[in-house]
Amino acid sequence: MPDLALEFEIGGIVCGIDEVGRGPLAGPVVAAAVILDPARLPKTLLERLDDSKKLSKRNREELAELVPATAILGFGEASVEEIDRINILQATFLAMRRAYDALGRECAHALVDGNRPPGLPCPVRCVVGGDGISLSIAAASVVAKVRRDAMMADLARAHPEFGWERNAGYGTAEHLDALKRLGPTPHHRRSFAPVAQYMLF
């Protein structure tokens with residue numbers, strides 16, 4: 001389970017940053033930056049926060065409602081157009097920088113999930129598997145996941161055939177079948193091979 005050991009080791013104001021949505025065929029990539037206040041963290045968050053991929057949808061949503069009361073949050077996203085123009089890695093870094101900027105605070109350090117730094121105005125420590133190690137990164141992973149899932153559910157209302165409210169834009173059989181039958185929507189990443197093969201022009 002993640003804890004605050006890295007945050008305490010570094011000291012000062014530390015934010016955790018994570019993203020969701022690098023792999024999907026549709027929708028934006030979304031990042032969150034979170035500064036936790038250790039003195040105000042409820043036991044519920046300390047005991048239940050984990051890598052968002054290990055939590056049920058219900059647990060993620062419950063935790064995402066609790067985090068803002070004891071944290072400073074910043075969100076950033078990179079659009080489908082930006083993903084197609086600058087590639088998914090650079091778009092991920094862009095979303096992370098936007099999330100950091102949205103905090104409105106200068107941090108002594110940022111803990112970033114992954115092995116490549118996004119280029120921030122403060123020192124960065126990359127933590128592979130960070131959402132299972134750092135509580136700040138875990139919080140960022142949960143709130144980013146819940147936010148992006150809600151965005152994809154909204155987009156699904158206009159394009160119900162793709163099942164985005166269930167698959168969040170990932171290349172499930174349902175999604176790929178609809179893509180083959182109907183072709184890409186404006187929300188698809190045209191630079192991704194499974195989408196590009198169904199483009200008419």
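Keep in mind that glycine also has a Cβ here, set from the backbone N, Cα and C atoms.
As annotated by Swiss-Prot, divalent metal cation binding site applies to Asp18, Glu19, Asp113. Per Swiss-Prot, domain 'RNase H type-2' is recorded for 12-201, and the stated evidence type is sequence analysis.
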**Prompt:** Among the binding-site residues Asp18, Glu19, Asp113, whose Cβ has the fewest other Cβ atoms within 10 Å?
**Reply:** Asp113
**Complete:** Taking the centre of the Cβ atoms of Asp18, Glu19, Asp113 as the divalent metal cation site, the remaining residues of that chain with Cβ inside 8 Å are Ile17, Val20, Ala31, Ala32, Met96, Val112, Gly114, Gly130, Asp131, Ile137, Ala140, Ser141, Ala144
